[in-house]
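Asker: One structure is given below, represented as structure tokens, and several questions about it will come after.
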Amino acid sequence: MGRFISVSFGLLVVFLSLSGTGAGLDCPPDSSLYRYFCYRVFKEHKTWEAAERFCMEHPNNGHLVSIESMEEAEFVAKLLSNTTGKFITHFWIGLMIKDKEQECSSEWSDGSSVSYDKLGKQEFRKCFVLEKESGYRMWFNRNCEERYLFVCKVPPEC
């Protein structure tokens, strides 16, 4: 009876540790898996548009990262904190104001709507970054032609 309980408990631990992680899905090298998507930090300075185009040219058609929950925001913040140097302060994310006249028409570059937001102090600029000063947890808008590092979010290989 004791052996049965030990085996059952062991299987339960394995199941719980794999559930919700996208187990069985493969990410490219240097990428991290979180809830069925692969995230990769690129240490190349690009404009917002060039970074988005770069992500879309990935074999799985990715986009600049969209952040749709507090949990995902924490994951991305930890990913950036673990991969950055002391002088790296900004990363492009996939949020953009679509129409200069209507700030409320923001959406993610992957087409998803903004259901969670962590907007910091805003200026009238169209593209958004995560900033080191906020622990990479707040979104700030910047001129789209500035060059920053970026994070791509792509579907994994099945």
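Along the chain as shown, residues are numbered 1 onward.
Using N, Cα and C of the backbone, Cβ positions are placed for all residues, glycine too.
The feature signal peptide is assigned by Swiss-Prot to 1-24. Under the heading disulfide bond, Swiss-Prot lists CYS27-CYS38, CYS55-CYS152, CYS127-CYS144, citing experimental evidence as support. The domain 'C-type lectin' feature in Swiss-Prot is assigned to 34-153; the stated evidence is sequence analysis. Among the features that Swiss-Prot reports, N-linked glycosylation site is placed at ASN82, with the record citing experimental evidence.
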Asker: CYS27, CYS55: which of these disulfide-bonded residues has the highest Cβ count within 10 Å of its own Cβ?
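Answerer: Result for the most crowded candidate: CYS55.
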Asker: For the domain 'C-type lectin' (34-153), how many residues does DSSP put in helix, in strand and in coil?
Answerer: 26 helix, 46 strand, 48 coil
Asker: Going by C-alpha distance, which of the recorded positions CYS27, CYS38, ASN82, CYS127, CYS144 is nearest to CYS152 (disulfide bond)?
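Answerer: Of all the candidates listed, CYS38 is nearest in space.
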Asker: Can you count the other CB atoms that lie within 10 A of the CB of CYS38 (disulfide bond)?
Answerer: 23
Asker: Could you tell me the mean pLDDT over the domain 'C-type lectin' (34-153), as a whole number?
Answerer: 86
Asker: About how far apart, in whole Å, are the alpha carbons (Cα) of CYS127 (disulfide bond) and CYS55 (disulfide bond)?
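Answerer: One finds 16 Å between the Cα atoms of these residues.
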Asker: At a 10 Å cut-off from the C-beta of ASN82 (N-linked glycosylation site), count the other C-beta atoms across all protein chains.
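Answerer: So the Cβ neighbour count for ASN82 (N-linked glycosylation site) comes to 9.
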Asker: Of the recorded positions CYS27, CYS38, CYS55, ASN82, which sits closest to CYS144 (disulfide bond) by Cα distance?
Answerer: CYS55
